[in-house]
Amino acid sequence: MAGRAVGIIFGVPLLYFAARGKITRGLAPTLGLLFVMGGSQGLVGWWMVKSGLEEPPKNSDGVPRVSPYRLAAHLTTAFVIYSLLLYTALGVLQPRAPAVPEPLAAFKSRAHLLALLIGVTAISGAFVAGMQAGLAFNTFPLMEGRFVPEGYFGLEPAYRNFFESVPSVQLHHRILALSTLTAVTAFWVFAQRVPLPPTLRRATDVLLLGAAGQVTLGVATLLNAVPVWLGSAHQAGALTLFSIMLFTLHATRVPSSAVATARMSAARMHKVALAHA
């Protein structure tokens, strides 16, 4: 029902503004693609739910469970649609420059890699949810007293351990989460050493706080055996962290004052370096 409502909320205004000529030629293809992707997401959702009705429940409580693969596919497409929607909205509110200014090029290349890591970590969480892996090994930092849990990589063929093994799926998600926090911290340290506009500097501060908060929330969710409210908050935290990362990426392309600030800061640093040479 909510999915259909989203389609109406997006589609009706889209037709209205298109009829009144308010949508630019550059924006029209993106909005059309978003509409089609939104409809496709409904099909992916149906395909996911169908997996829980095709086979009898394998768990002891008798509750149907959807395929972890299809759950991850549904989450991935949702993230893609959300990313495109948010990035498009940011571009309308604050148009981007045609190219990244040179002082920010190195910053953006690192930001792209970090965004990929955050996304992969979030998708790995879908397999944790699909396998109900959060109900096992409810200790931290060790997993029932071990760094590598019993049963790790015990399935054949080997690829199944990345998606169908509770010990493996949970350990991989822990590693990805801590790697993300480490990478965000390193990114923040790098940001302190390069000339950045105030908006970007604040964005990196918020990103670091968001990553620390998300890891803390994940640990709390695990230690409490995934109560619904904590699990939902953890999922929302993943989307929030990804949103901050998208805003940071967009801000590297904002023209005028931001670019000028970065260039002036770079020039000042160059002069200081020459003075001490």
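Cβ atoms are placed via backbone N, Cα and C, with glycine included.
Quick look at what TrEMBL lists:
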| type | residues | note |
| --- | --- | --- |
| TRANSMEM | 30-49 | transmembrane segment |
| TRANSMEM | 69-93 | transmembrane segment |
| TRANSMEM | 113-137 | transmembrane segment |
| TRANSMEM | 175-194 | transmembrane segment |
| TRANSMEM | 206-230 | transmembrane segment |
| TRANSMEM | 236-254 | transmembrane segment |
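In this chain, the transmembrane segment (113-137) touches the transmembrane segment (236-254); three or more CB pairs sit within less than 8 A of each other, excluding pairs fewer than 6 residues apart. A Cβ distance under 8 Å defines the sequence-distant neighbours of the transmembrane segment (175-194), meaning residues of its chain 6+ beyond its ends; these are 103, 106-107, 110-111, 113-114, 117-118, 120-121, 124, 200-201, 204-205, 207-208, 211-212, 214-215, 218.
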